Amino acid sequence: MVARLSPKSGHGRAFGSYGFFKSIGYTAGPLLGGAAVALGGLPLLFGVLSVLAAGVAVWTAVAVPALPPLPRARQTVLDLARRLGEGGFLRPTAALGAATAALSVGVGFLPVSGAAAGLGPVATGAVVSLLAACTALVQPWAGRALDSGRMTSGTGIGAGLLLTTGGLAAAMLPGLTGVLSAALAIGVGAGLITPLAFAALAAATAPERLGQTMGAAEIGREVGDAGGPLLVGGVATAAALAGGFAALAGVTAVLSLALVPRRAGARPKRPRPPEASADQFG
């Protein structure tokens with residue numbers, strides 16, 4: 001819906017704004033929820049959430065225009081598998097999965113590193129807030145840079161993966177410096193990747209298949225969301241937490257090399273159907 005409500009020339013800005021407000025929700029939700037619990041316990045928390053959900057539902061029904069379904073040709077399961085196996089889908093989705101994995105690991109394990117370094121709950125909470133704030137603030141800027149031509153999807157996502165790798169490596173450093181550096185780099189890296197990857201997916205997909213493509217890409221994000229902490233936690237049980245960070249950093253480093261845009265002069269591919277011709281990676 002985000003893609004259909006905005007022109008193609010504004011997809012970067014649209015997905016950047018979408019990611020910004022989503023990250024603001026992730027940042028403010030726990031803080032406001034904690035305040036509600038402190039004031040009135042769980043009944044007040046769930047009461048506030050119910051009123052908020054009802055208000056948003058009414059506002060959405062009034063403000064969001066109805067989009068009729070687009071006509072589309074019949075598609076077999078084999079056609080779907082073939083389309084989802086193309087680089088125009090796999091590359092952005094892999095980048096989204098890596099970014100989400102790093103975010104989940106940052107939120108879950110950076111406070112553990114901070115506590116091991118002697119930081120209190122307030123300081124470790126501030127680290128998570130820094131991570132979320134960096135992600136939120138970078139996304140609109142990245143989207144505007146894409147729309148204005150100052151950045152390409154491939155270059156921005158590659159830079160985001162490198163920053164994410166650096167942040168995971170910094171998490172292995174002891175003390176407050178390592179934790180803060182990790183939160184900053186992971187947040188900025190994920191903020192670069194998210195809107196650019198979604199814009200690349202939208203550009204490489206026929207309008208009538210956008211819902212299907214974005215839904216499949218969200219599955220890739222969920223795999224990263226669950227797989228990142230599992231990888232880090234599994235390695236950490238055998239080789240300490242620094243080993244877990246190193247393992248995920250290695251995965252993102254490999255992805256950053258695999259997803260780097262091809263240079264000019266590479267052998268051109270045979271023409272593809274219009275649906276995949278907008279692939280910004282190659």
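Using N, Cα and C of the backbone, Cβ positions are placed for all residues, glycine too.
The transmembrane segment annotation in TrEMBL covers 20-39, 45-67, 88-110, 122-142, 154-173, 179-204, 230-260.
With respect to Cβ pairs under 8 Å, the transmembrane segment (122-142) is most closely packed against 179-204, considering the stretches 20-39, 88-110, 154-173, 179-204, 230-260. For the transmembrane segment (154-173), the residues of the chain that approach it from at least six positions outside its boundaries are 91-92, 95, 98-99, 102, 105-106, 109-110, 113, 142, 145-146, 179, 181-193, 196-197, 200, 242, 245-246, 248-249, 252-253, 255-256, 259-261, 280-282, judged by C-beta separation under 8 angstroms.
Stretch with the most C-beta contacts under 8 angstroms to the transmembrane segment (88-110), considering only 20-39, 179-204, 230-260: 179-204.
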